[in-house]
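Feature annotation from TrEMBL assigns ATP binding site to A:LYS11, A:GLY12, A:GLY13, A:VAL14, A:GLY15, A:LYS16, A:THR17, A:THR18. Feature annotation from TrEMBL assigns domain 'AAA' to A:3-158.
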Amino acid sequence: MGEVIVITSGKGGVGKTTTTANVGTGLAKLDKKVVLIDTDIGLRNLDVVMGLENRIVYNLVDVIEGNCRIKQALIKDKRYPNLYLLPSAQTRDKTAVTPEQMKKLADELRGEFDYILMDCPAGIEQGFKNAIAGADRALVVTTPEVSAVRDADRIIGLLEANEIKQTYLIVNRLRNDMVKRGDMMSSDDVVEILAVDLIGVVPDDENIVISTNQGEPLVGNESLAGQAYMNICRRILGEEVPFLDLNGKAGLFARLSSLFKK
Amino acid sequence: MGFSDFFKKKTSSNVAKDRLKLVLVSDRANCSPEIMEQMKNDIINVISKYVEIDTDGLDIKITQTESEGNNGTVPALFANIPIKDLKAHK
């Protein structure tokens with residue numbers, strides 16, 4: 001039976017869609033069968049981040065309304081044959097779908113896939129309720145800023161109220177140089193405030209912008225963000241993975257010493 | 001404030017952390033600062049009927065505390081009310 005994971009944040013622009021694309025692709029790289037569902041009806045984005053925008057025929061609302069079968073709407077990824085995308089509708093709004101319908105859809109996909117990833121829209125209204133309806137586990141994405149952390153706290157409360165027991169935190173866009181100067185909260189600070197388990201810290205990395213430009217998730221490549229996302233995937237699978245040393249520059253000594261260890 | 005804090009410059013990340021902690025207490029309690037103030041005044045009025053209290057040293061806040069069951073933390077009203085004179089008013 002597959003597991004349904006919702007990626008949510010409350011605040012917009014903190015990296016939900018990028019996280020969904022990279023975690024989904026990473027799990028597929030680790031040989032899992034994965035489907036990504038864009039639940040942001042009216043503001044479709046996951047398709048462009050995945051580079052699959054030219055292949056859309058049917059969408060989520062078509063499936064819910066019975067205009068097509070689920071299989072017809074699923075788009076196979078360019079690189080990984082065990083990765084699929086169910087795109088959102090661009091010309092409809094959130095009220096086109098109910099939480100019950102989303103839960104039913106997620107349950108139908110459980111038989112076919114190992115992981116069903118829901119990319120949640122920003123906010124706490126209907127779109128959020130739709131996205132979390134069938135979820136077993138939630139990944140809450142935040143950045144180390146007061147506004148994003150405050151919204152994350154609200155979301156964590158709402159997830160608890162909806163009886164989603166497994167909630168994990170991803171601290172995104174961390175700038176280690178600023179943390180060192182005392183001008184940015186560290187991931188430890190954010191964890192202390194929100195009191196949830198940390199599943200990943202992703203550094204602010206310009207490679208993310210480049211990979212999004214190209215429509216190719218960077219998970220698993222040698223960039224720091226690529227490594228951080230792959231580590232999140234392995235933790236989702238239950239592996240114990242130490243957190244990355246984000247000292248990009250100081251890494252030279254660490255790299256040298258790791259060379260000698262080999 | 002400890003002795004070492006006196007020399008430590010307050011960094012902007014510490015400011016952020018402190019502000020967040022405060023704002024989240026009222027967010028989580030679903031309780032505005034005005035309501036907290038009213039509640040504080042009511043508590044002072046009630047207790048003052050029986051004992052004399054130090055209203056300046058009074059500290060009332062909503063915090064998180066471990067619940068008795070194993071379902072994580074629950075909000076709790078924390079009140080630190082210094083008593084000046086225990087003699088009951090007749």
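Don't overthink the numbers, they just go from 1 along the chain as shown.
Backbone N, Cα and C atoms are what each Cβ position is placed from, and that goes for glycine too.
Annotations in TrEMBL come from automatic prediction, not curation.
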A:GLY12 (ATP binding site) -> DSSP, reduced to three states, gives coil
Can you name every residue in this chain, apart from A:LYS11, A:GLY12, A:GLY13, A:VAL14, A:GLY15, A:LYS16, A:THR17, A:THR18, with its Cβ inside 8 Å of the center of the Cβ atoms of the recorded ATP site?
A:SER9, A:THR19, A:ALA122, A:VAL141, A:ASN172
Highest CB neighbour count within 10 A among the binding-site residues A:GLY12, A:GLY13, A:GLY15?
A:GLY15
Largest tally of Cβ atoms lying within 10 Å of a Cβ, found at which of the binding-site residues A:LYS11, A:LYS16
A:LYS16
So for A:VAL14 (ATP binding site), how many other CB atoms are inside 10 Å of its CB?
25
Have a look around A:THR17 (ATP binding site) and count the other CB atoms within 10 A of its CB, chains all included.
26
